[in-house]
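J.: Look at TrEMBL and you will find 105-128, 148-168, 189-212, 218-238, 339-362, 382-402, 423-445, 465-487, 499-524, 544-563 tagged as transmembrane segment.
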Amino acid sequence: MKPEKTTMGEEDMDIYTQDGTLDIYKKPANKKKTGTWKACRFILGTECCERLAYYGMSTNLVNYLEKQMNMENVTATTSVSNWSGTCYATPLIGAFIADAYLGRYWTISTFVVIYIAGMTLLTMSASVPGLTPTCNGDKCHATSAQTALTFIALYLIALGTGGIKPCVSSFGADQFDDTDEEEKESKSSFFNWFYFVINVGAMIASSVLVWIQMNVGWGWGLGIPTVAMAIAVVFFFAGSKFYRLQKPGGSPLTRMLQVIVASCRKSKVRVPEDESLLYENQDAESSIRGSRKLEHTKILTFFDKAAVETESDNKAAATSSWKLCTVTQVEELKALIRLLPIWATGIVFAAVYSQMGTVFVLQGNTMDQHMGPNFKIPSASLSLFDTLSVLFWTPVYDQLIVPLARKYTGHERGFTQLQRMGIGLVISIFSMISAGILEVIRLSYVRTHNLYNEETVPMTIFWQVPQYFFVGCAEVFTFIGQLEFFYDQAPDAMRSLCSALSLTTVAFGNYLSTLLVTVVTNVTRSGGRPGWIAKNLNNGHLDYFFWLLAGLSFLNFLVYLWIAKWYTYKKATGHAL
């Protein structure tokens with residue numbers, strides 16, 4: 001075996017990062033001048049403003065479509081769910097571009113242009129005469145062209161956010177060198193504070209901006225988020241000289257396909273019992289640009305065949321990667337496959353989460369929204385309590401729960417990432433139970449006082465607070481745990497892709513919600529019945545829909561326990577090129 005090649009002296013190892021990151025000038029990243037919290041303050045500021053823009057536009061979207069576009073309950077709900085789902089599916093596009101070609105910094109820089117174009121167009125559709133629907137009192141009539149313009153703007157935003165969502169959290173985590181124990185410890189806190197600032201933006205959106213939209217006008221209500229997005233861009237570029245940039249490692253999809261092809265070609269080849277005989281680059285660095293080596297794992301052994309050297313491989317002067325792959329390349333594919341079952345269990349949780357922007361709002365529309373004699377709180381603003389729950393639980397988790405749990409578990413993070421996510425799945429069940437109980441009580445009040453034809457029931461909307469609070473608490477455990485887990489378990493050169501994969505659980509959760517709403521509506525409205533999600537919710541049974549989601553969440557948790565029990569964590573070695 002060849003001796004390991006040394007690329008840096010000991011002094012350089014103290015000055016420069018060992019994870020292959022560069023500064024904005026394409027030079028090795030200096031530890032003292034770049035990265036850590038001095039870079040993350042700009043990233044956190046960017047994320048806060050960008051999330052304010054996104055939630056300022058999306059939180060009340062179901063009411064915008066219902067009131068301004070004159071859509072029916074179910075149509076507005078499914079439209080929002082489908083759009084929201086797309087916002088969490090397009091990150092796969094941005095992630096591929098970031099990992100393969102541009103890197104995270106330049107991908108974010110490119111996609112913000114599309115994002116701002118969509119936000120500007122949406123603001124114009126709500127404020128420019130001729131582009132806005134014609135309204136007579138509370139009734140609005142949108143032309144097909146106006147509706148098309150609105151949805152073009154929305155899907156431009158969905159494409160723009162696809163280049164930002166998968167890259168920002170990973171880009172922030174890139175500012176901490178995994179080979180430096182002190183920096184690595186700080187990275188876990190970054191994910192907590194990253195999610196914290198997301199919810200600061202969401203809090204302003206769900207309170208101030210929703211009130212402006214419902215009481216001042218949609219032009220102002222959508223224009224302010226557009227300005228917030230412009231401020232986010234300024235924040236992002238202001239920190240450029242402090243950033244550490246990971247090198248794009250080439251197409252991860254090509255590398256994984258090479259492993260599959262090579263394994264199939266060698267399907268009859270026997271894998272040696274001694275794993276050291278498997279093919280690997282003998283230098284300290286991985287042959288994959290920007291990635292550390294991955295240790296061999298004894299699962300999915302069929303793919304190990306791709307790393308078995310045969311006589312024809314030895315004779316070839318330059319062996320093709322479609323015939324022979326390194327262990328690290330094989331382990332990249334294995335790592336992704338191992339993540340998929342965990343990913344799948346996040347879909348039901350995301351479906352529960354999506355109810356805040358759809359069914360929870362519709363439920364709130366039927367309740368008394370007054371605070372005092374003169375002030376009326378928009379039902380979509382109740383999501384503020386989800387945000388407050390996150391803002392409360394994030395520092396509590398980071399500063400109190402983790403140190404306390406660490407004493408009992410001995411784990412540096414208090415709980416493993418899988419344990420943290422599992423706790424959140426349990427809490428999410430209680431959010432649906434809480435919503436279901438409230439709907440039972442509300443419908444009972446309707447029956448008792450014969451209020452079937454009333455638009456609102458004299459029950460304060462603040463009875464919804466517990467269900468929002470439970471969702472917020474569940475987010476702190478599951479969504480933050482998911483962010484950290486998918487970044488941590490991703491191979492170095494696939495981190496954007498794996499972060500995007502975690503986001504697609506929200507996409508599929510929204511699509512699942514759309515499917516459930518559609519199926520439940522078609523089945524329960526047959527025969528002339530009003531259905532569970534009726535046009536007039538006083539005649540329906542929304543509580544049954546919440547029980548359905550609670551039952552699915554419980555079954556999903558049982559499946560998650562079984563999957564998590566068998567999960568194998570990745571092990572990286574060496575340093576990146």
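Backbone N, Cα and C atoms are what each Cβ position is placed from, and that goes for glycine too.
Automated prediction, rather than curation, is the source of TrEMBL annotations.
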J.: Of the listed stretches (218-238, 499-524, 544-563), which one yields the highest count of Cβ-Cβ distances below 8 Å with the transmembrane segment (339-362)?
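T.: The stretch with the most close Cβ contacts to the transmembrane segment (339-362) is 499-524.
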J.: Any residues 6+ beyond the ends of the transmembrane segment (465-487) with a Cβ under 8 Å from its own?
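T.: Same-chain residues near the transmembrane segment (465-487) but 6 or more away: 169-170, 173, 188, 191-192, 194-195, 199, 339, 342-343, 346, 349, 352-353, 356, 360, 382-390, 392-394, 397, 417-418, 420-421, 423-425, 427-428, 430-432, 434-435, 438, 495, 498-499, 501-502, 505.
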J.: Could you give the residue numbers and ranges of same-chain residues that sit at least 6 residues beyond the transmembrane segment (499-524) on either side and whose C-beta is under 8 angstroms from one of its C-beta atoms?
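T.: 74, 77-78, 81-82, 84-89, 91-92, 94-96, 165-167, 169-170, 336, 339, 343, 346-355, 358-359, 482-483, 485-487, 490, 531-533, 541, 544-545, 548-549.
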J.: Cβ under 8 Å, sequence separation of at least 6 from the ends of the transmembrane segment (382-402): give me the contacting residues as numbers and ranges.
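T.: Contacts of the transmembrane segment (382-402) (Cβ under 8 Å, skipping residues fewer than 6 from its ends): 59, 189, 192-193, 195-196, 199-200, 202-203, 206-207, 356-357, 360-361, 364, 413-415, 461-462, 464-465, 468-473, 475-477, 480.
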